[in-house]
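Contents: one structure, followed by commentary.
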Amino acid sequence: MQRLLDRINSPKDLKALSVEQLRQLAQEVRQEIIATTSHHGGHLASSLGAVEIILAIHYVFNTPRDKIIFDVGHQTYAHKLITGRRESFKTLRNLGGLSGFPNREESEYDCFTTGHASTSISAIAGIACARDLAGEKFKTVAVIGDGSMTGGLAFEALNHVGHIKKDLIVVLNDNEMAISPSVGALSLYLSRLITASSYNRFKGDVEYVLKRIPAIGSTLFETAKRIQKSAASLLKPGSLFEELGFKYVGPVDGHDLDVLIETLRKITAFQIPILFHVLTKKGKGYEYAEAQPSSFHGIRAFDIETGEPLPPPADSPNGPSYSDIFGKHMVQLAEHNPKLVAITAAMAEGTGLIEFAKKFPDRLFDVGIAEQHAVTFAAGLASQGLHPVVAVYSTFLQRAYDQICHDVCLQNLPVVFAIDRAGIVGRDGPTHHGVFDLSYLRGLPNVAILSPTSGPELRAMLEWAVKQSRPVAIRYPRGSPSSATSNLQMTPITLGLPEMLREGDDIAVVALGSMVDVALEAAEELAHEGISVAVVNARFAKPLDERFYCHLTERVKGIVSIEDGVAAGGFGSGLLELILKIKPEKGVGFKILGFPDKFIEHGPRPVLLRKYGLDVAGVADAARKLLGARAETHSHET
Ligand SMILES: Cc1ncc(C[n+]2csc(CCOP(=O)(O)OP(=O)(O)O)c2C)c(N)n1
């Protein structure tokens, strides 16, 4: 039998379906999402939870004229499937294929590119204001999860929208989960709203029963009403949002298409800010994802029958990931250091802090999806003599730039930033690649920036970092350290000092963090061609030890720097600045290997590193070219 889904080429085709058929379509969409994510991984649980919301919105509104923005955008697989991307859906998250997030360049139905949390209400407010200035007429809808609602940006937007009273709808998709269960006072408030709505229903039932008791029924009911009066006013649904200037509607079952469609139809008649509270189940419709929504939030390829993740590709290093090594070592350090505390912005799993949270619940602060607050909060802790470690993904730390600058670096407070997912992350793409941290941190005074090349080195750096009286950032990539570097002998960490791993006098490859094993392999390859290559494990992107690098420039004919980040303003450019400053007697060629000045697309990490020349061939090629150019200059001179 032909699937309904195969007839849906645009949301217009939805409108010809009955609600009963929409229910069938929801099942087909779910199957397609599960099948596709089982191949290349993806954000499964959130996408499964949002299927009915997405179908109902496209059923009621007229996209792309009406504008829908999905917060984070990780829940939009159903949206992609019904907006003309069904055929290409199997390419999801592949190099050159569909993005895992909404992307303006990909479809006219993606009216705003997302990936980071809490942006949707601000963006839709901007669109609503632009619409009104242009005198146009269309509807604007933001779909935001309860987790993303905890971000400061979302609160700022609510505050603004409630004041300007624009015609817009915020659909609050409440599954009581971010990646882990949602935290914070807002989450408690939302739970109370849900309880209050059951209370209101319960109240109706009680009234019905009591009033039917002969003679005393009405009196009993009046007494019960008086007792509960104060509680009832406390439980007035949505009063927080109402006070902020929104009309609160809900909560309703976010998997009930009849209710969703009927309510959305009703609220389109209003031309004021509306908050539509919808309750969903994360992972809905796939038993393993429903049972373990956190594990299925972002999952790699898995077996549909068992729900078990498939082994990682043979060419990627296995063993514990950097996040696991970090998390484990944090526990060990905390056992001996009562001042050590950890902070996460709703990413305890991803950053490896679950064990720490279990062992030291009062020393782990999960602040919600609130990176800005996380950093200034850590600064507050540090100002009182604690040793805070903020564990955060590189890309999400971008949001806290002023907090790092103004609250941590300016006061020279000893906050440690454990920057996970630094460098190319792979299939999540440009919204998630952690390629900017070296550049955005390097210009800030006081901070020391390090990057380990192995598990033991990460441990040593962490130990060193928590003893410093200044801000320290340690950046490490997604995945596991390579076994080649994990077995190297290690010298102690000393501020600014690199480690000479291999002597050589033609070219020096100065590599940062995960690029060290690439440099070692390239040196080996070049040795077979008679080119003698020194390999330096930079360890520090800042500060750089002047004596060490001065000496190095005197010994080689050229230097190649390599980093897993953008070349502009990064580690290599810092090294070049230093070399220009120390003005070596002997001119030395210099080549910076890093990502070019553009947003890097999504695709598997090794493929992207290769594409941008951050692999063995890229290093060897750069070294040969430097030597060749030098030989040419010399032959012209003689
Ligand atoms: C600024 C920022 N911090 C962290 C993340 C990582 N992240 C992606 S989805 C997510 C949870 C979102 O929860 P919610 O909005 O409730 O959506 P759900 O997945 O539960 O549907 C987090 C923390 C992010 N995308 N952006």
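Placement of Cβ uses the backbone N, Cα and C atoms for every residue, glycine included.
Because TrEMBL annotations are produced automatically, they should be read as predictions rather than curated entries.
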- Of GLU355, GLU371, GLU457, the one that TrEMBL places in the same thiamine diphosphate site as HIS74, GLY115, HIS116, ALA117, GLY147, SER148, ASN175, TYR286 is GLU371
- Task: Give me the largest Cα to Cα distance among HIS74, GLY115, HIS116, ALA117, GLY147, SER148, ASN175, TYR286, GLU371, the residues the record lists as binding thiamine diphosphate, in Å as a whole number.
- Result: 31
- Message: Please identify which of ASP146, GLU371 has the densest Cβ environment, defined as other Cβ atoms within 10 Å, among these binding-site residues.
- Response: GLU371
- Cα distance (Å, whole number) from HIS74 (thiamine diphosphate binding site) to ASP146 (Mg(2+) binding site): 14
- Ordered by sequence, the long-range same-chain Cβ contacts of HIS116 (thiamine diphosphate binding site) under 8 Å (at least 6 apart) are VAL72, THR395, PHE396, ARG399, THR431
- Message: Taking only same-chain residues 6+ apart in sequence, whose CB is under 8 Å from that of ASN175 (thiamine diphosphate binding site), what do you get?
- Response: GLY49, GLY145, ASP146, LEU279, THR280, LYS281, LYS282, PRO293
